[in-house]
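Notes for the one structure printed next.
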Amino acid sequence: MSFDVPDDRRYLESHEWALETDGVVRVGISDFAQDELGDVVFVELPDEGDEVEQEAEFGVIESIKAVSDLYAPVSGEVVSVHEDLFDAPELVNEDPFGEGWMLEIEPDDTAELEELLSADEYEDQIA
Amino acid sequence: MPLQTPPLRGIHDERGAKFTEFGGWDMPVEFDSIRTEHAAVREDVGIFDVSHMGQIHVTGPDATELMQRLTTNDVSRLSVGDAQYAAITDEDGTIIDDTVIYRLPDEGGEATYLFIPNAGTDESTHERWISYRNEWDLEATVDNRTDEYAMFAVQGPNAATLVDDVVDTADTADAIDGSVTDLSRFEATESTIDGVECWTARTGYTGEDGFELLVPWTEAERIWSAFDCQPCGLGARDTLRIEAGLLLAGQDFNPEDNPRTPYEAGIGFTVDLETEFVGRDALAEIEAEGVEEQLVGFQLIDRGVPRHGYDITNPESRVIGTVTSGTMSPTLEQAIGLGYVPVEYADPGTTLQVVVRGQSKKARVEQTPFIDTQ
C-alpha cells in the first residue's frame, strides 16, 4: 500500500508533519499514521498561547483501537488550534494533510525545521 | 512460540486486512475500517473469521455427565440442535472461561457435544476435561478439534436472508422447510453450503441476529467466498460486543489477573445450582450472601475514551474499580466501557469517574446492553 507524502513539508519519525507558511508552522499527522491508527475518535490539543517544545508531547490522538501521543516538530507558541477536530476528529482520516491539521505554532527558531526528515527520508522510513 | 494462523490468513492478507495477535493466533483486526465494519453489522450484514475459537468434541455414554459436571449450566436441557451459553468455573467459583455448548446429533447412540472455548484455551480445556474424566472414571471421548474446524460468524439484521440464500439444505426438525430462518436463537442445524457439510447455529457475539458456522478447515475458503458481504475484523467484533455488554475472556474476567465469579460478571444466568458441577458449592454460598462487586456498563460524560486498566474512582476520587473494556461506541458516538465496582455504585444513573491519563473524567453507570438489538 502506498501513502501520500507531500514534499512541501517536513516530517518527524513519530509521523507528524510540519508545513511552514509565512513564519507559522502548521502541524498534523501523516497519511501513513492515520491509516495505522484507524478511525480517529478523539484528539486532545493544547490551548492557544501554550508553549510547546520540539519533540515533546503536545497532545494525544485516539482511534477506536489505539492511543498515541503527538509530538511537536518545533518549539514555539501555539497560535491556532484546529477546534473543528473536537467535533469531527474523522477529518484526520479523511484529509490528514489538509483539513485534518491540528495546530499552528509560531516557532522560536525556524531553523529547527531543518532537523526534521525530508519527504524522501520519511518515505524511506515508512516503506 | 509461533502464532497459529487461521486457514484464510493469505486470503485476508490479499484483501488488505491488518492483523493482530489474539490468544496466540494471527487474526485480522481490520479489513476496511472499524467504523465501516461495525456499521455493516448493525445495519446490514458482515462476516467474521473467528477460526481462533476452540472446538472440543465430547461423546460417549457419560458425555452428558462430564459436560454437566464441568460447566455451570444444565446441559441435560439440550436437545439435538440446541446451543447453550455456560461458564467453566474452578472450585472457588471463579470463571476460567465462558463457552457455547452445542448438542450435536448422537453418535453411536450416545449424546454428543461440541463446545467452544476461547482462543488459546483449547489445549488447557481439553486437558481439564481429560483429567476430570479420568478422576471421575467416566466413559467419554474428548477430542480437541480446533484445527479441524474453521469458524465464521455472519452477523447483522440481514444475516438470516444472506445465510438462507447461501445454505443449500438444512436438516433438523427445527429447520422446518430446510431453511435456517426457522431456527430460533441458540438453535443449530447441520447444513450444506456449496456441497460442504457445515454446522450452522443461530448464535453470535455482536448483539445482532446472526449465525455462526463451523466448517471443515480444508473447505474454509470455499465457504468464506460464498458470502458476499462486508468482511469484518476483531476490531469491530470488540466494539460490537462492548455495545452489547458482552464479556471478553481474559479482559472482563481473567482467572489470574482478575478472578471473577459469574455473579460478579453479570452472567449468573448461566449458573444452575440445581446441577452438580465444579464450583457449584462456592457459587451457592456466594449467591446466598450476595456479591460485593459487580460488572457495570458506564458512559463517559466528559470527553475522552476509557481503556482497559484505567482506574474508576468515586466522586471523592477514591479508587473503587478498574475499567476492563472501553471504546468509543461507533453506534452511539459516545465513550462507553465496562468495569467492576462495589455494588453500592452499580445502579444505573450513579455518577463515577474514570481516570484517563491522569485526568478524572465524569462517567455515569448505564444499563447494558448499551444499545437495543435483535
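Glycine too: its Cβ is placed from the backbone N, Cα and C atoms.
Positions annotated as domain 'Lipoyl-binding' by TrEMBL: A:24-106. As annotated by TrEMBL, N6-lipoyllysine applies to A:Lys65.
Residue counts for the domain 'Lipoyl-binding' (A:24-106) under DSSP, helix first, then strand, then coil, are 15 helix, 35 strand, 33 coil. Note on the residue listed as 'N6-lipoyllysine': other Cβ atoms within 10 Å of its Cβ, all shown chains, come to 22.
Confidence over the domain 'Lipoyl-binding' (A:24-106), given as mean pLDDT on the 0 to 100 scale, stands at 96.
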